[in-house]
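One structure is given here, and the rest of the page talks about it.
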Amino acid sequence: MRFFSGSWFSDVPWLHVYVGFSLTIEAFEQYLNLRQLRRYTSKKKPPSLLSLWVSEEAYVQANEYNSDKIKLSMVSSLVESGVSILSTLYFFGPFCWRIAGTWAGDGEYARPLVFMAIQRVVSEFICTPFQLYGDFCVEEKHGFNKKTKLLFIKDKLLGLGLTAAIGAPILCAVNWLIKWGGANFHFWLWGFSVLMTFGMIVIYPNLIAPLFNKFQVLRDRELRNKIGALAEQLKFPLCEVYEMDGSKRSSHSNAYFYGFWRWKRIVIFDTLLHLPHEQILAVLGHELGHWGRSHFTQRLALVFMNLFVTFYLYGKVMNNDHLYKCFGYGSDAKSPIIGLMLLANILAPYLICSSSVFEGSMQVNTVLSVLSTLLSRKHEFQADAFACELNYGEQLKEALCTIHTENKSTLDPDPWYSWWHYSHPPLLERLSAIDAILTKTQKKDKNDDSSSKQPKEETEKTTIEGHHESSGVTRARSHRVEPETSSDL
């Protein structure tokens, strides 16, 4: 592609372009945070549509909780973005690469692994204090945190161990495939990524998730039978229904399903099981709507397309000396790991960059993430409509309001903030959409009832009038009326 091979590419100061873009995004996000914070502090009463479901006290409590959360988010974002930008400007990444070379030599696989390990450790050192404050101050203050400090440490160490155990072989495989694949390595690397994605979809719920939570067959037999009947009605290939001890860490609630083809399972958090059965079925009707409308397939297609584009473009810049020099790397740093990170930097307006906070690749919401968010919200509306088609519209409204209130979710967000951040539509929009569907359904049912009654009334009128005529005429008229009445029935 000329875009990456033209002489102009070597004249662009990519370091400054990336830093300028990162500063712009951070400033915009902080502006959105301030808008949302002002919303939390200024509104004391729920909107009229929510007043039937949410008390003023619950509304104020939700705003206080989310106000504390967004303040923490603003501080952590400033710190992490500041560290990321400064580390990029002062070439912290190349410094880590030199340290990795000192410790691991010039090994084709060892040096990149040590480099990533150094960055991950320093990144954890920056991020962990904010996670601790979030769990043991903000969440605990508002009654959600159930973790102990020992469990927090255990989760952290287990997460790091799994990252090393799974991530190291994947990084080595990526490195090998790029060298082995030659000019068409992006096809092989893309195929490997697709296989790994499907592999993790199988491995995570069956092997990794049980390391953090306990799963057992749903003990409420009546509810299990109702869920089985719903799955059978939809021809959903349900294998089993599990309850998960989500209350072990938090009182937040959720439900989801996982699995391929004929081996699908539903998981319900134990914090959701206090709801009436009909509301739980409504929530599951929504979740099964994602399956019924093939939302998972659509999201995977978007991810796979993005991966292919990224790998293809990497092939165009992997040997570009100017790109490496812009970010302070020498000729010995042309490792695929470094190259992919630098590509993420120059594609920041398009990609969602989410590697280390130190290599100029902090997570930013860009074109792709905004489009992904818009698609996700569309899918949520469609899943709600699917639940309404199952005649769970009213129950879904009740469940959504209960869950949002108990989780102290944001009930009335700033429009700009929700457009930029929310993968799910705000509660008010979902309730309005469900009401519109229910109203439309009621009108349709009413019209159907009217049309079915009208021929019957005309038939009865004809029969009554026939009694005043001769019997022969009555018999003749009856033969004309009966076929029409039968066809309407």
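In case you wondered, yes, glycine gets a Cβ from its N, Cα and C as well.
Because the structure is a prediction, the values reported are computed rather than measured.
TrEMBL names HIS286, HIS290 as Zn(2+) ligands; from the candidate set GLU222, GLU232, GLU240, GLU380, the record adds GLU380 to that same site. Each of the binding-site residues HIS286, HIS290 was scored by other CB atoms within 10 A of its CB, and the lowest score goes to HIS290.
Taking Cβ-Cβ distances under 8 Å and a sequence separation of 6 or more, the neighbours of GLU287 (active site) in its chain are ALA255, TYR256, PHE257, ILE266, ALA383.
Most Cβ pairs under 8 Å to the transmembrane segment (157-178), among the stretches 12-34, 190-212, 296-315, belong to 190-212. Around GLU380 (Zn(2+) binding site), a 10 Å sphere centred on its CB holds 21 further CB atoms from the protein chains shown.
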